[in-house]
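Peer 1: Dropping the structure in here first, questions after.
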Amino acid sequence: MILRDSLLDPRLADELNLLALREEDRDTVVHWVREVAAHGDDLARVEVLLDRLRARVGDPASREVVFELCDTEHRLGRGVLPLLALVLTAPAVREEHARRDIPSQVSDASLADLGQQVWKDRQVNGSTGLHNQVWLTRVWSGQLLKLGRLQFELTRSHVGMLESPVPVLDIHIDESGPLYPQEVDDSLRQAATFFEDHFPEVGPIDWFTCRSWLLDPGLAWRMPDSNLADFARRFTLWEVEEKDRDALYFGFGMEPAVGAGRPDDLAALPADTSLRRAVIELWRDGEHAMLCSGRIPVISGLI
């Protein structure tokens with residue numbers, strides 16, 4: 001009964017706004033809420049997910065499983081029950097952020113990734129849904145925060161040259177706009193001290209890392225004067241692997257078949273941005289999009 005009341009609370013609409021769901025997605029989610037509230041089996045599963053999510057809040061080091069394969073599909077749509085569990089636990093995440101003196105604007109910007117992931121699902125699949133719920137557990141645990149233009153994930157890495165993994169800040173680039181150099185500088189400057197201030201138990205953090213198809217030298221070579229090339233040049237690369245899937249998924253909003261390589265019909269791809277044109281040219285030249293791992297010393301963020 002308590003869960004049903006929480007779902008049907010009129011204030012839930014305000015929470016959807018705070019989590020940056022677009023209007024076309026909010027209407028669908030409100031419908032899901034009413035349907036789930038009327039089905040005992042759905043409510044029971046949401047209770048399980050709520051318990052697991054609450055256990056992850058405030059524990060960036062936890063790797064406990066929250067969502068399972070059975071949560072992926074639902075009669076109402078993709079990821080319905082995980083999405084509702086994430087919405088209902090968002091206030092607990094804000095409370096944990098406040099306990100760590102994380103500013104509310106950072107908390108709101110970080111949690112707004114839920115709306116971004118719902119938008120991405122609609123872009124890829126054509127309707128409201130969620131398929132990146134496992135990714136979002138990183139945000140809910142406090143492991144991943146958005147500071148200005150960039151997202152930073154507290155994790156561990158050998159940065160391509162150390163014997164043992166050390167704490168690092170792994171950079172993620174969401175689809176919220178261009179990578180203006182000044183905005184990137186500002187984000188790095190914030191992050192250089194932010195996590196040590198608010199997560200002192202982690203200890204010193206000496207490296208930023210990034211693992212992204214956007215670091216592909218083949219793209220920077222084709223766009224030498226672009227913001228993207230400026231961003232990529234900041235990193236020393238240590239590992240690359242073929243990843244045409246990431247270029248198609250993140251660059252064009254398409255999910256290829258498992259194991260598929262370069263798309264066959266390049267002429268059918270939209271070429272409305274310089275990045276898309278560079279990717280198409282790369283594929284037309286017979287190359288693959290490369291997933292690259294790179295590092296930057298944190299001290300560079302303080303300069």
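Even glycines carry a Cβ here, placed using N, Cα and C.
All annotation found in TrEMBL is predicted automatically rather than curated by experts.
Quick paste of what TrEMBL says about this protein:
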type	residues	note
DOMAIN	12-142	domain 'N-acyltransferase N-terminal'
DOMAIN	144-295	domain 'GNAT-like C-terminal'
Peer 1: Taking DSSP states H, G and I as helix and E and B as strand, how many residues of the domain 'N-acyltransferase N-terminal' (12-142) are helix, strand and coil?
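Peer 2: Tallying H, G and I as helix, E and B as strand, the rest coil: 92 helix, 4 strand, 35 coil.
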Peer 1: The domain 'GNAT-like C-terminal' (144-295): mean pLDDT?
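Peer 2: Mean pLDDT across the domain 'GNAT-like C-terminal' (144-295) comes out at 95.
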